[in-house]
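J.: Please find one structure pasted underneath; my questions will follow.
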């Protein structure tokens, strides 16, 4: 498949000066692991798509390498109106242009929000921000002028500026999406922007050759810091190179200028190469085991639906040894679902040992399968994932748990995770989009479409299949059980209520207490089994300057070529 962007009027190559490129038609070549699935910013959920989107689109509020929310096409952060966290004013910069030459105005921002908020479009972004869901009689967006809108959320969210850095991953022209059609990706949906994106970012889309590359060209009318600021190079070619060893050899042989996801085993030697820079940064990608909470799996009783079996599984795994053997120690062992060095991580969990084989054996004896049980462990069909699965298989054998490893393609793994019961445990990794703990506590666990099949009864009562049946652990003892009961799904319903409580307050102390409570609940009930955050390892040739690595952002538009 070869796709050419209709917004590009030039032939191969862009001969603009492109910032510091001095008219020499400089092309930056970047080797990336994953080919994108979907370049519509409201629909994608994968890392490859986000890498491309970061240079094609600008956000209303973006996230910078410093990790905090920063205005992009907005003049400043969104301002709350009143104290309930529902109404927000957004003022836009004047003179910002789309790649098709039209000016960005409040009409485009209104369209961007309203398209996501329309449940008929089934936008992935709406799953992370149900407060954008369209409701009869309530205008989601009000134009306050040509360059200002008021956003009316249907639920409070005191973290809204943080939320926008991921939920609104790009402002798009009014009516640019056309009709929704079938496409690749977890949602199975696509629009005109899926393969022909139009944004206001520093680079405009030129072509996408499936299995090979995407090329973007410098946008000479790019607006930054109050003036037109052409990008630093004339074009960027993103080459899809799934195998890490191949990406590495391409970098060393000068066939690419930069590469992402350097293999940990090769990182030291790469750093020591005189004409290459290797950099390690605390990463945002968590390596973990998703656990199917549904009472049934493969049409039979699911052993992982029992909390004692889940604890036996979790405490029988030595994440530190996996980190050492699989990632050469490049990372940090987790103490629950959030970064262990964060002030938003429960102090109780920071002091807790997550590897405890004696506890694992004790929990197994308390459960329905004291003599052991067998699970199918699904993992991505790549070497490091299969290595991790084998280590886990050997570790749990000593506990009394038999692990049948099943290697599948990445697309198969996630299609099974989302809304099916044909799995027990899945080993995977997932990138934290932003540095706000409640985003992950919500997106990873509270949504009806989470990776662990953990559900309460949907508000609309619609159960699309048996994988969505209410399930999981009960609420904590005391008042939570008095209020929410102990029926299937009651724990998930309590969990969601605590998230809403955090959204509705601006009291940081109260928010932290809620975050601690929810993290402790996740770990105690082993909703999922978190292993480690892997370091972000990247490399680039000495001809590359200015690239600004960030924990939560990969933005190659900051890179320039010095020769």
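Cβ coordinates come from backbone N, Cα and C, glycine included.
The region 'Disordered' annotation in TrEMBL covers 1-27, 343-372, 453-492. Annotation comment: TrEMBL describes 8-23 as compositional bias 'Low complexity'. Taken from TrEMBL, the feature domain 'Solute-binding protein family 5' applies to 70-449. According to TrEMBL, the compositional bias 'Basic and acidic residues' annotation covers 348-368.
How buried are these features, and what lies next to them?
T.: Sequence-distant contacts of the region 'Disordered' (343-372) (same chain, at least 6 residues past either end, Cβ-Cβ under 8 Å): 303, 306-309, 311-320, 333-336, 398-402, 437, 512, 515-516, 519-520, 523.
Residues in the region 'Disordered' (453-492) partition by DSSP class (helix H, G, I; strand E, B; coil) as 12 helix, 0 strand, 28 coil.
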J.: For the region 'Disordered' (343-372), how many residues does DSSP put in helix, in strand and in coil?
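T.: Across the region 'Disordered' (343-372), the residues distribute as 14 helix, 0 strand, 16 coil.
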J.: For the domain 'Solute-binding protein family 5' (70-449), what's the mean pLDDT in this predicted model?
T.: 94
